[in-house]
Amino acid sequence: MNYKEWLAQAIADLAKKNPTENSKIDALVLLQHATGKSRTQILAFDDTEIDEKVRLKLTALLDRRLKGEPIAYILGEKEFWSLPLNVSKGTLIPRPDTEILVEKALQIALEKLEENPPHFRILDLGTGTGAIALALASELAPICQKRHIPLEIIGVDLMSDVVALAQSNAERNQLNVEFLQSRWFDNITGKFDLIVSNPPYIDAQDEHLHQGDVRFEPLSALVANDEGYADLRHIIELASSYLNSNGVLLLEHGWQQGEKVRSIFQENHWEMVETVRDYSDNERVTLGFWKK
């Protein structure tokens, strides 16, 4: 069997099993992963015969995808903000919608850096793969270096293996971010200019937990008590103690949670509370300033 024949069969199998997914892209990515060849090489030399060892590997990979396992877990990596990130089954898979949080955090950070502060500190709570912290570091480190403003970015996660994974991503992308093990603020000292988080926010009874990629993702990174609001509320209530004056907290949340999250911010005396919409025009990120 050659590349062309395997692709045709794999595309047909995937389309039959998961008609809403892009079967051609999935099949090609799996073939690239198994052979170590680029997309261009595979398509240009599609009559290349597949040896038995690679064919067995492809069969195993395709079987996992046919069962619905996300491509990111099969490959062990996912790109976010143009950064290649290692992923594991202990972390959420970084999603494009989370780039909305990064974009807004960058906008606020750049405005604050215009004031030439003596230093700039950012905290990422529940960092997972480190995606948010590393994306911010990739953009802000060159700017802070040019302006001679010391930049410190810290990412925390509850699980030690997840912290190690995030650290591996910092090393892979040669970015200076410190990753610590902590349950939210428990092991955090000092104050920050920005606090960002994509915490668990799904209700345990949500039917979407049994659909698509989330079936394979860790429930601890997805589900929160109090109909999904427990961790959001906890962070909003405590974050003010860890922010400098005029510091900002930015939180990602579910597309139907914006109104409730804004009210929790306001109940806790945050100012200039606003919600940012994602690429699908859903309320996705809510932020507030701490003026006290």
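Going from the start of the chain as shown, residues are counted 1 onward.
Using N, Cα and C of the backbone, Cβ positions are placed for all residues, glycine too.
Here's what Swiss-Prot has on this protein:
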BINDING   GLY126, THR127, GLY128, THR129, GLY130, ASP157, TRP184, ASN198  S-adenosyl-L-methionine binding site
BINDING   ASN198, PRO199, PRO200, TYR201  substrate binding site
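Structure with Swiss-Prot features highlighted.
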residue	record	contacts (Cβ under 8 Å, 6+ apart)
GLY126	S-adenosyl-L-methionine binding site	VAL156, ASP157, LEU158, TRP184, SER197, ASN198, PRO199, PRO200, ALA221, ASP231
THR127	S-adenosyl-L-methionine binding site	ALA133, GLY155, VAL156, ASP157, VAL162, VAL163, ALA166, PHE179
GLY128	S-adenosyl-L-methionine binding site	THR91, LEU92, PRO94, ASP157, VAL162, ALA166, ASN198, ALA221
THR129	S-adenosyl-L-methionine binding site	LYS78, PHE80, LEU85, ASN86, VAL87, THR91, LEU92, PRO94, LEU165, ALA166, ASN169
GLY130	S-adenosyl-L-methionine binding site	LEU85, ASP124, GLY155, LEU165, ALA166, GLN167, ASN169, ALA170, VAL177, PHE179
TYR201	substrate binding site	ALA224, GLY228, TYR229, ASP231, LEU232, GLU252, HIS253, GLY254, GLN257
Candidates ASN198, PRO200: member of the binding-site residues with the richest Cβ shell (10 Å): ASN198
Shell of the substrate site beyond ASN198, PRO199, PRO200, TYR201, same chain only (C-beta within 8 angstroms of their C-beta centre): GLY126, SER197, ILE202, ALA221, LEU222, ALA224, ASP231, LEU232, LEU251, GLU252, HIS253
In three-state DSSP terms, the structure that ASP157 (S-adenosyl-L-methionine binding site) belongs to: strand
Assigned element (helix, strand, coil) containing TRP184 (S-adenosyl-L-methionine binding site), judged by DSSP: coil
Greatest inter-residue Cα distance in Å for the S-adenosyl-L-methionine-binding set GLY126, THR127, GLY128, THR129, GLY130, ASP157, TRP184, ASN198: 16
TRP184 (S-adenosyl-L-methionine binding site) CB neighbourhood, other CB atoms within 10 A: 19
